[in-house]
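Below is one structure, written out as structure tokens, with a few remarks after it.
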Amino acid sequence: MLSDTIYALSSGAPPSGVSIVRISGPLTRNILIRLAGSVPADRSASYRTIRTRNNEPIDNGLVLFFPGPHSFTGEDVAELQIHGSKAVLAALFFELGDIPGVRMANEGEFSRRAFENGKLDLVEVEGLADLISAETEMQRRLAVEQSAGGVSAIYDSWAKRLIRARALIEAELDFPDEDDVPGSVSDMVWTDMKRLRDDIGLHLKSASAGEIIRDGFKVVIAGAPNAGKSSLLNALARRDVAIVTDIAGTTRDVLQVDLDIDGYLVKLYDTAGLRQADDRVEMEGVRRARVALRDADLALLLVDMSNPMIPGDLDQTLPHVTVGTKKDLVETGSGRYDLQISTLTGDGLSELRQLIGRIVAERFTGLSLAIPSRQRHKDSLTKCLAALDAAISEIDADLELRTEQLRLAAEYLGRITGRVDVEQLLDVIFSEFCIGK
């Protein structure tokens, strides 16, 4: 409930050098008076002693106050920066929890209040969640673009064009003889709507790039048994992930590790050797390997140069790099390989990482980071584009029906940013946050 005042640990779990406790809601000023003696100057750090109701000191620290609506949540907000021990936090939380109308925040409740009070839209909220969980440089940059409102500004500008088009058409329908209504607005409106359709279509094509940055570029290691697949996974991961033996068919399941290559999240998969298997367990492993290949962004086709075998039924249309392995066992490799490596000596591994990085980066050539990054963005944009296309192409339909399609297109755009009813999405989105955000 927005009438409650909420509090939570906003920094990392204790013990730590400093912990930040965030408070938001109508009782924030009263809490500061009770705990710190008075309300400090707006947006200024004040060194205070935090005390219990019995005037016993809990800790010394910095107190900051941000009056609403000029705060993160749009409400009165306070931050207490204190020592990050479990005992200090327990004592502080005991005092806060004992105040009527004050309670511990739920997951993402601070951000949800920011959304409810118009401080953030849904895309910005999702960008904030992604920024908190970002592990690579490109994830950070994409999250900053979204949390700063760059993507939302694009969607808002498109929504305004749709609203203007509807207004002009409806004005022409309702007031055909008025001098204030431009005559024959149809040509102007539908020309702009065609441009908008092209803009949205181009934007939608970049959705896969956003998904790759956020969810990872899938690289599958494939090849015949004993081609060195598990050894390569371990070498690139720089740790023992997969069991390596000379026995063919050791790998039965798909193993996966995350790599940071040139700022991109790369999901690397080790798979069972591709061959006709008799063992039921190995057969299932081969099946899973083929499923992984089908979903891959890139396949590393490994060939043992000391005993070259390439699975004959491998889909050659799949984006792939042919890698000759066990370079240390042959004098000169064939020119049939894009790259030759030895996991024993490390020869060629750096070049392979660089090659993967270049291939990933090529997917983003010429793209800005103002791109959709989630499946729900993609779904709403697809529906928006379909409604807009229907409005443009159904030239023989009643003008009011075409205008209704424009309204639907604007509604689908609004669902992305939360400008229209998206109540069913909110619990899912805000549950991704930690308690103190």
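For all residues, glycine too, the Cβ spot is worked out from N, Cα and C.
Taken straight from Swiss-Prot:
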BINDING   Arg22, Glu79, Lys119, Lys437  (6S)-5-formyl-5,6,7,8-tetrahydrofolate binding site
DOMAIN    216-361  domain 'TrmE-type G'
BINDING   Asn226, Thr245, Ile247, Thr250  K(+) binding site
BINDING   226-231, 245-251, 270-273  GTP binding site
BINDING   Ser230, Thr251  Mg(2+) binding site
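Considering other CB atoms within 10 Å as the measure, the emptiest surroundings among the binding-site residues Arg22, Lys119, Lys229 are those of Lys119. Between Arg22 ((6S)-5-formyl-5,6,7,8-tetrahydrofolate binding site) and Ser230 (Mg(2+) binding site), the C-alpha separation comes to 47 Å. It is 51 Å from the Cα atom of Glu79 ((6S)-5-formyl-5,6,7,8-tetrahydrofolate binding site) to that of Lys229 (GTP binding site). In the structure shown, the C-beta of Ala272 has more C-beta neighbours within 10 angstroms than that of any other entry among the binding-site residues Glu79, Asn226, Ser230, Ala272. Asn226 (K(+) binding site) falls outside any helix or strand according to DSSP and counts as coil. Ser230 (Mg(2+) binding site) is 9 Å away from Ala272 (GTP binding site) when you measure Cα to Cα. The domain 'TrmE-type G' (216-361): residue composition by secondary structure is 40 helix, 36 strand, 70 coil, according to DSSP.
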